[in-house]
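Let me begin by presenting the structure, written as structure tokens, before commenting on it.
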Amino acid sequence: MADPMISQSTQSQLNIAASTTPRHQHRLHLENPTPSPSSSKHVNRLINSNHYISPSRPIFSDRFIPCRSSSNFALFNISLPQPSATAGISPGCGGKEDNPSAYAALLRNALFGPQTPDKKDWGAGAAGQNIFRYKMETRQSLHSLSPFGFDDMSDLGVSNVAIKTPRKVSRSPYKVLDAPALQDDFYLNLVDWSSHNVLAVGLGNCVTKLCDLGNDDGVCSVGWAHRGTHLAIGTSNGKVQIWDASRCKRIRTMEGHRLRVGALAWSSSMLSSGSRDKSILQRDIRAREDFVSKLSGHKSEVCGLKWSYDNRELASGGNDNRLFVWNQHSSQPVLKYCDHTAAVKAIAWSPHLHGLLASGGGTADRCIRFWNTTTNSHLSCIDTGSQVCNLVWSKNVNELVSTHGYSQNQIILWRYPTMSKLATLTGHTFRVLYLAISPDGQTIVTGAGDETLRFWSVFPSPKSQNTDSEIGSSSLGRTTIR
């Protein structure tokens, strides 16, 4: 009898508790002391309400997981793989998890390019290979800020090439000097800059602050020796004078040419002179003779002469549209280049590569050509659009400057070997016939028939330059150009 009483008491207590609660506030009503499985689950949910998460309620947390169902994968040329029918996962956000193959495809294309096959398409031999490989240095392209862009990038999405900031070149000269009586003659060479930072300019019948040849003679060319203070002056009477500029004294006069001497070139103690009489004379200023050898080959006036940096080869250009190369002992040219169609005055040897020679043609040609004298080959040609009057190569960087006449009278800074224009400088109103470079290789001076000399800062300083040096464009403001 005890057990029924206990059971009845328990049941009555539960019924009483239920009956004392208002009908509209009922939360629990047990009709049977043995609960059903569905009611047990409902009770457990109420008891553990702080831990139960409804599948239909949104989940908020400190992590942001994007919904890829609304992503526009067509922007990246990515086709979204169709979900497997057996997987039971939809591409939306309401499934157990978004399809991971879409993200894998996006990541694979961003890292390795759109042509990279999926791992399941690899051959059996590559199944064990790791697609991620360690590299010592990887630089992202600065031209592409998008994580999915491939501008200027390799197929791997990275670039090992450093982006160089273009060097700024001033378009204006930092100094302009008057040069009265500076002749407008294409075949003359009247400006040269010495290793001691002294500028020589031929003005009419005199050289600035050095000598006066008188009314019966005129200056046609000037050229400084590579070392020391000796200056050679070619005259309209066919003579060559040697002056010691430090003492303002003429030390020698040499003859041999019948007509004006418009081109000079030094090689140690040897001096080469080119003349309108079509010949080139080799002179040793230590010898008593006026010249030691004569080079014949040009059919018209010799207007360009340059020795190579190793003093082994002499390049000559003439009004016969010919470019010749001579060695130290030849009396006939060892190399002949006949591609120019106008006078060849502009000649420059590269200080960076042995045997690399640049030449420029006159009004009917307008081209700069490059030659390899070691292999006797023509390397390249570029049409500048104007008469090429002068060429000079920078010794600090692999760049060169050309000056021009008809019809644009401009100065162009080129990068070699691409021959891309770094700057175009204007200001002269006549042909830019004269060009010289400072001893530190940073500054050029140009002269024209407008009777002006203009100084331009075009080349960077050498890496080994001493900041305390008194030579350079920065020092020109406090030193005297003589």
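Any Cβ shown, glycine's included, is placed from N, Cα and C.
Taken from TrEMBL, the feature region 'Disordered' covers 1-43, 462-482. The compositional bias 'Polar residues' feature in TrEMBL is assigned to 1-22. Per TrEMBL, domain 'CDC20/Fizzy WD40' is recorded for 177-456. Annotation source TrEMBL lists repeat 'WD' at 212-253, 295-336, 425-458.
Counting residues 6+ beyond its ends, the repeat 'WD' (212-253) has Cβ neighbours under 8 Å at 188-196, 198, 200-206, 259-266, 268, 271, 273, 275, 277, 283, 285, 482 in the same chain. According to DSSP, the secondary structure content of the repeat 'WD' (212-253) in residues is 0 helix, 23 strand, 19 coil. Note: the repeat 'WD' (425-458) comprises 0 helix, 19 strand, 15 coil (DSSP; helix = H, G, I, strand = E, B).
Mean pLDDT, taken over the domain 'CDC20/Fizzy WD40' (177-456), works out to 96 on the 0 to 100 scale.
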